[in-house]
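Just below is one structure, and these are the notes that go with it.
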């Protein structure tokens, strides 16, 4: 039985990820419930679990309504965030491995955007489901072409988190929770106007977005080649980039 991955764009720029296998599904960071319920019902799916990468309202806002419709669904979130994600039914921490839909998910600590931010990693390690994975549900830590703002962590925290993502295989899909790619790459082209890989990717993403298509998922390899934050050699370099990006205003 093969898994499939689906992206639901919601609100202004959020992306809710749905992982389906057979007639069962897992949803990641549901900002709102209605589009998820519509998709599940249209495809005859049963919601088995909700994965929460961090506590921000635009990631957990749809969870209460989803649980009213699917009360048997697990809510998997960081144990360290149990007070801010109170509906969690399974607390996890760095290094934990959980099983959902017959697959293993690894939990990694990528705290920086928030103090208890986690990511969920699925390796390409299942002979019965060979085309699904590797991938990373990375929330707001790693974005296509960027990284999350440092609301509760430091540049050192973000540097460490991005190094953990960089250690994943290049083909790992980057399933982040916001469609910020075009603006991120526009900023990057201003910093490195002669970088052909960045400018080429920016033009590709601009074309996708002009048609209303998502640029996601990305890949770890693409981020290594074109994401200035992933290329930072020190936490100090990352801090300088983050400060510059925080004060940048797109035209």
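Glycine too: its Cβ is placed from the backbone N, Cα and C atoms.
Swiss-Prot has this to say about the protein:
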type: BINDING; residues: 54, 56, 113, 140; note: Zn(2+) 1 binding site
type: BINDING; residues: 58, 59, 140, 178; note: Zn(2+) 2 binding site
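Sequence-ordered, the extra residues of this chain that approach the Zn(2+) 2 site, with Cβ no more than 8 Å from the Cβ center of 58, 59, 140, 178, are 14, 29, 31, 54, 56, 139, 177. Neighbouring residues of the recorded Zn(2+) 1 site, listed in sequence order and excluding 54, 56, 113, 140, comprise 53, 55, 59, 114, 117, 139, 141, 148, 151, 177 (Cβ within 8 Å of the Cβ centroid). Secondary structure at residue 59 (Zn(2+) 2 binding site), as computed by DSSP, is helix.
Residue 178 (Zn(2+) 2 binding site) is 7 Å away from residue 140 (Zn(2+) 1 binding site) when you measure Cα to Cα. Annotation note: residue 178 (Zn(2+) 2 binding site) sits in a strand segment as assigned by DSSP.
Using a 10 Å radius centred on the Cβ of residue 58 (Zn(2+) 2 binding site) and all shown protein chains, the other Cβ atoms total 18. Neighbour density for residue 140 (Zn(2+) 1 binding site): within 10 A of its CB lie 24 other CB atoms from the protein chains shown.
Most other Cβ atoms within 10 A: among the binding-site residues 54, 178, that distinction falls to 54. Within 10 Å of the C-beta atom of residue 59 (Zn(2+) 2 binding site) sit 26 other C-beta atoms, taking all shown protein chains into account.
Here the Cα atom of residue 58 (Zn(2+) 2 binding site) is found 14 Å from that of residue 113 (Zn(2+) 1 binding site). Here the CA atom of residue 59 (Zn(2+) 2 binding site) lies 13 Å from the CA atom of residue 113 (Zn(2+) 1 binding site). In this structure, the binding-site residues 56, 113 were compared by how many other Cβ atoms lie within 10 Å of their Cβ, and the smallest count belongs to 56. If you take the Cα of residue 178 (Zn(2+) 2 binding site) and the Cα of residue 56 (Zn(2+) 1 binding site), they are about 13 angstrom apart, rounded to a whole number.
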